[in-house]
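In what follows, a single structure is set out as structure tokens and then discussed.
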Amino acid sequence: MTDQRGAICGAATLVVKVGSSSLTLPGGGIDVRRVDDLVDALSEVIAVGRRVVLVSSGAIATGFPAMGITHRPRTLAGKQAAASVGQGILLAHYASRFASHGLRVGQVLLTVNDLVRPTSYRNAWSTLDTLLGLGVVPIVNENDTVATGEIRFGDNDRLAALVAELVRAQALILLSDVDALYTAHPDSPDARRVEVVEDIDTLDVDTHKAGSGVGTGGMTTKLEAARMATCAGVPVVLAAAVDAPDVLAGVPVGTYFRPLATRRPRRLLWLADAATPQGQIVIDDGAVEALTQRHSSLLAVGVTRVHGDFQAGDPVTILASDGRVVGRGIAQFSHDEVRVMRGRSSAWLAAEMGPAASREIIHRDAMVLSRRRKAEPSSRNQKSSGSRVTS
């Protein structure tokens, strides 16, 4: 049995993401045959006792023809209006087709804020887990109607990766109009299908294939989603939506991304992939070694600079002196306190500021180390599409 077949066939919980272009017609509106084929394939999987979360795009592309508009809206307000119309139409069709298999569906609309706030993150998990436990098929989409440019995922690929982590899925399947990852643009005569990816960071491929005319995602976002999922221990398959039955049966089609790590504790999932860092803490080389080689906590003595306006309990990015991202963590002190404490030994802090000040700036159990190199922006209003931390 191949790795891909074993990963898919052995998965008790699957997250399946399907893009707009695989659900709707080129001019907008539901492609009934393709939606029905997808639902039929998923229903067969559910019938044998496996759990499926469907992350579905397509609300905007479904909605704008119903509003009498001939082209996909370009303004945020236009897109939100189309989404409000299309989401109901799309869900109704899903509900009808799943009902023909004796299954119920539940709509789950999420925004970035739902997954960057710990309380909302836990509530989202509880809702999805309850639906799955009741035998209901959760259909997840970004809440385009209320999301603004500053607080939106912008694509459902990364949302699907977060949902896969959230529900502790054993596999993530990304379905679109692209049948696999290629070494070059698929139209190029030199393009070769990449069958298996061991480590995304070592890939040498051209990802500049734009998203379809009815969706927002492209190959770059799919690779980012695959990175997020595999670094959380979730295997990923990227394939064409028309190949969904084969993918679900474990047939080695598309591109298979092997997981890179064991699963993180649930408390770290939010921090690693969903949290928005509120500041940056720069540390010296000794502290970098202590964190990365000995998995130590971050002490004040190793801090050299502080950026941003964070409070105790906020997520922050940990940077090396050369700007490399070391990881993320939950600060135990505010930015003002860390500025005063930086470079001081624990003994000095205890003597001069009291025992509480000698605590770790970031405890090792509230820290996720990174494989990434690029620094993240520091702002309370930064977009969620910044660099992700992967352990």
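Residue numbering: from 1, along the chain as shown.
Every residue, even glycine, has its Cβ placed from backbone N, Cα and C.
Quick look at what Swiss-Prot annotates:
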BINDING   LYS17, SER176, ASP177, THR216, GLY217, GLY218, MET219, THR220, THR221, LYS222  ATP binding site
BINDING   SER57, ASP144, ASN156  substrate binding site
DOMAIN    278-356  domain 'PUA'
REGION    370-391  region 'Disordered'
COMPBIAS  378-391  compositional bias 'Polar residues'
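Straight-line distance linking the Cα atoms of MET219 (ATP binding site) and SER57 (substrate binding site), rounded to a whole number, equals 16 Å.
Note: the Cα of SER57 (substrate binding site) and the Cα of LYS17 (ATP binding site) are spaced 8 Å from each other. In this structure, ASP177 (ATP binding site) belongs to neither helix nor strand by DSSP; it is coil.
Residues in the domain 'PUA' (278-356) partition by DSSP class (helix H, G, I; strand E, B; coil) as 30 helix, 24 strand, 25 coil. In the three-state DSSP assignment, the secondary structure recorded for LYS17 (ATP binding site) is strand. ASP177 (ATP binding site) sits 14 Å from ASN156 (substrate binding site), taking the Cα positions as reference. All protein chains shown were included, and the count of other CB atoms within 10 Å of the CB of LYS17 (ATP binding site) stands at 30. On the backbone, the CA of ASN156 (substrate binding site) and the CA of THR221 (ATP binding site) stand 9 Å apart.
Looking only at the domain 'PUA' (278-356), the predicted model's pLDDT averages out at 96.
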